[in-house]
Amino acid sequence: MKMTISLPAGGSRLSELIIGPGTLDELPREILTRLGRRRAFWVWDANVRELWGERLPALQLGGAEHSEPILFAASETNKRLSSVEELARRLVEAGADRNSVLVAVGGGVTGDVVGFLASVYMRGIPCHQVPTTLLAQVDSSVGGKTGVDLPEGKNLLGSFHQPEAVWMDPRFLETLPAVELRQGMAEVVKTAMIGDARLWDYLEGHHEAIRRRDPEAVSRIVTACCAFKASVVEADEKEGGYRRILNFGHTIGHALERLSGYRVRHGDAVAVGMAVSAELSRRLGRLPDEAAARLIKLCEAWDLPTRVPSGYDPAAIVAALRSDKKRMGDVLHFILPVRIGEAIDYENLDETLLRRTLTDLSA
Ligand SMILES: NC(=O)c1ccc[n+]([C@@H]2O[C@H](COP(=O)([O-])OP(=O)(O)OC[C@H]3O[C@@H](n4cnc5c(N)ncnc54)[C@H](O)[C@@H]3O)[C@@H](O)[C@H]2O)c1
Ligand SMILES: [Zn+2]
């Protein structure tokens, strides 16, 4: 299966998503044909290069139009402006100019850093994304958000820069550690719950195939998630309102991540946030018991946590949400599921209900 989704990027330009096994074999040639007279500069997550550089000789073939690979030690701690500067200097040294194109190969960190670099290098050059983690394939490589962290918080510097194309091969996931697969699955479960009941049924019925990273099964879920995210982004590229739906589980998730000093991983934090939001929705009489139970069951099947970890005071979580709200200069929004495949944007949730629910769901 190979699927192409196009989405508008900055007006009339199209950003293409190419998904399916075999994508990688065609990648260097396909990119070359799109380049015209431009030259491509490849920035690789060093781990991915180590694992896949030799397994994919086609990527090494290159040609005069491809540069030597540039390696980036991808990690959240290196998702910094200093990395952008260092990579930019390496690009200058390698001869990249205003007519060059960047290709980012790696997970979400690499995609965010290289996407940001592309948006500012010589006032902006195009980029292609080759996401290699499930999280990057289903989430971070679609939508055009790029950025780096500051010591004061994540993603505080960034830009919107739609890639020309995103190339997704499920085979990359063969080497992905289970803990990373799980982080991506949290976003997949999120997508199914807020917008795709058919994907939900697929997830319930194809657990084993996904767990063993069957290429067809992975392509199926990546395609569904990208199609949904693309449709949301198309309707609301710059996060006016509708795009907020993607934040299901993230309001509480972000608070937990921050309170833990980022020791609780993003997908795990989002899973807890989804469980709390579902329970809130159930208590408000918006979500049937059966749907709430199915969410918990699916998260548990993926070893995703569904209770607030011990040691996190509900009052501290509520306080963190309040400070988030102040920072965003906004009312507090909760995305609440109302059935499998549909969610609503709920404002001004009662804090007492929230505190009580967090207490009841504490481990
Ligand atoms: N731009 C967006 O819209 C958006 C959305 C969600 C998340 N993000 C960002 O994405 C980042 C998280 O992305 P991530 O989870 O992909 O993290 P990551 O890029 O750090 O990758 C996780 C780990 O997996 C390794 N890895 C990557 N591909 C591999 C493969 N095929 N086999 C084996 N190991 C591999 C990496 O080297 C790294 O150690 C965060 O910084 C987050 O802010 C951005
Ligand atoms: Zn997320």
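The backbone N, Cα and C atoms fix where each Cβ goes, glycine too.
According to TrEMBL, the protein carries these features:
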BINDING   Gly108, Val109, Thr110, Gly111, Asp112, Thr132, Thr133, Lys145, Lys154, Phe172, Leu173, Glu174, Thr175  NAD(+) binding site
BINDING   Glu187, His250, His266  Zn(2+) binding site
DOMAIN    72-182  domain '3-dehydroquinate synthase N-terminal'
DOMAIN    184-326  domain '3-dehydroquinate synthase C-terminal'
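Projection of TrEMBL feature records onto the structure.
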residue : record              : CB count, 10 Å
Gly108  : NAD(+) binding site : 23
Thr110  : NAD(+) binding site : 32
Asp112  : NAD(+) binding site : 26
Thr133  : NAD(+) binding site : 27
Lys154  : NAD(+) binding site : 17
Leu173  : NAD(+) binding site : 21
Thr175  : NAD(+) binding site : 15
Glu187  : Zn(2+) binding site : 25
His250  : Zn(2+) binding site : 20
His266  : Zn(2+) binding site : 22
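Annotated pair Asp112 (NAD(+) binding site) and Glu187 (Zn(2+) binding site), C-alpha to C-alpha distance, rounded: 17 Å. Ranked by Cα separation from Glu187 (Zn(2+) binding site), the binding-site residues Gly108, Lys154, Leu173, Thr175 are led by Gly108. Residues Leu135, Asp139, Gln183, Ala186, Lys190, Gly249, Gly253, Gly267, Ala269, Val270 surround the recorded Zn(2+) site, their Cβ atoms falling within 8 Å of the Cβ centroid of Glu187, His250, His266, which are themselves excluded. Geometry remark: Thr133 (NAD(+) binding site) versus His266 (Zn(2+) binding site), CA distance 14 Å. Residues Gly108, Val109, Thr110, Gly111, Asp112, Thr132, Thr133, Lys145, Lys154, Phe172, Leu173, Glu174, Thr175 are listed as the NAD(+) binders, and the farthest two of them sit 29 Å apart at their Cα atoms.
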